[in-house]
Amino acid sequence: MEAIDGIGSGVHPAPVQASSSFGTLGSHLARRLVQIGVKDVFSVPGDFNLTLLDYLIAEPGLNLIGCCNELNAGYAADGYARAKGVGACAVTFTVGGLSVLNAIAGAYSENLPVICIVGGPNSNDYGTNRILHHTIGLPDFTQELQCFQTITCAQAVVNNLDDAHELIDTAISTALKESKPVYISISCNLPGLNHPTFAREPVPFYLAPKVSNQLGLEAAVEATAEFLNKAVKPVIVGGPKLRVAKARQAFIDLADACGYPIAIMPSAKGLVPEHHPHFIGTYWGAVSSSFCGEIVESADAYIFVGPIFNDYSSVGYSLLIKKEKTIIVQPNRVTIGNGPSLGWVFMADFLTELAKKLKKNNTAVENYRRIYVPPGIALTREKDEPLRVNILFKHIQEMLSGNTAVIAETGDSWFNCQKLRLPENCGYEFQMQYGSIGWSVGATLGYAQAAKDKRVIACIGDGSFQVTAQDISTMIRCGHPTIIFLINNGGYTIEVEIHDGPYNVIKNWNYTGLVDAIHNGEGKCWTTKVKTEDELVEAIATATGKYKDSLCFIEVFAHKDDTSKELLEWGSRVSSANSRPPNPQ
């Protein structure tokens, strides 16, 4: 049994209450958030949530961060949850809720526990025939709830104090147990009211860990060990669900014990230490790291731990993987080749027990070292030559340390950042499953707020930046020393490589001028434009020297056709998958 990290003890002062000695709904919710590890709530005010925001502000352990729009508040809660384990945002009824919807869907796709709090209608209006503002003009208040039902693991509509305590606690504990977002709507007239169920400091959650079916675990380990111990050159591939299964350490222990080479799926970058002596890179089919794809696809057995196989991660369904050679380990199930599939077997338990049963086998690692040819030709350039993207990322590589974290926006930054070699403890985040352009601006805000021991380096394309640029303002207000590389190549380059058209060309902005206007002399911010490698070197030196405590915005000009070779290959394969004709009926 284990309690939730970050739970405090002792009674904290609550907001001013009515004459009764009982606590209020607002103070209970605020304390609950602090207990589960939320120190910052990303919010946009609206008339239905204003009183609730007062109570969040009054909680000493909680910091309310106002965002420029609800979408970015949701993205910020997503980024915060990646660094902290849980995040929260607070918006107003329907106009706010429907605006944050896209960000919550992204958090759901990435298995992130985000508490989405909405200030709802006055409790007296439920069950009446009244039409309220912020609705679509019908006396039905369930539109917002219906939208959230498919992208959250629990929903609570709190419009009665008698069951408010139970509804709120059930929703929050479900988010933690399921590692998914939840929706909590609280009537605007309830946060300041006393009730006996809030009479004392909330008792900390005590969540029992899931325990594997022992017989199933033993059967899965035995079958897997027999399968792998017969193999000549097995490999192990880490997937994105390592995070939700909380099995990262068990994965490394298994890799240490078995001696197999370690590859990662692209969406698992940052979840597996790349300084490990058996790490061979990213397995991404035709766009894998050099020599990694060959080792994985030529193996006679592969164990995929926490994979997500979609059209993007499979490069348009082109992976050369055979099911009969594959062991799939999901958070609660193990499937061995074409043989047994055993449920209620949890990943960390399984990996820990499997490590005890596998024979050491370094064959595939030795094969990798035998065929590996290190990058041989140094990147060179002519004097004052326009900056190339591969040279930009050569310099970003040199900036990385255990005190930095990389945020990669959807687009060519996926591919360029994927090739960065992460030093020990260097953070890395991107949103591959949902792939919502603009995600990185809010996520950078949230991640930087949660991980104040790291300097965030965000790589954002100009097209993505135009979607969510406003919350640069909030980064400056929060004093984040983030470095943003804005890669200005004149449009949606990732879309160009899938299917080009005039819709992929965007209006060019003076991006540094925009950020200077947002800065407006308040807070610490420095901007510059970069067109050559010499200018880039000077900009990085300034950002890491004189302006190391400031938000640094570096606009990098690149040719519109200067893309990674991986994007060219990936784009053509995804395009082929998208354009398959209908099957004959």
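Quick reminder: no glycine exception, Cβ is built from N, Cα and C everywhere.
Automatic, uncurated: that is what TrEMBL annotation is.
Database features, via TrEMBL:
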BINDING   D462, N489, G491  Mg(2+) binding site
DOMAIN    24-129  domain 'Thiamine pyrophosphate enzyme N-terminal TPP-binding'
DOMAIN    221-338  domain 'Thiamine pyrophosphate enzyme central'
DOMAIN    431-556  domain 'Thiamine pyrophosphate enzyme TPP-binding'
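In this structure, of the binding-site residues D462, N489, the smallest number of CB atoms within 10 A of the CB marks N489. Secondary structure of the domain 'Thiamine pyrophosphate enzyme N-terminal TPP-binding' (24-129), assigned with DSSP and counted as helix (H, G, I), strand (E, B) and coil, comes to 51 helix, 22 strand, 33 coil. Across the domain 'Thiamine pyrophosphate enzyme TPP-binding' (431-556), the model assigns an average pLDDT of 91.
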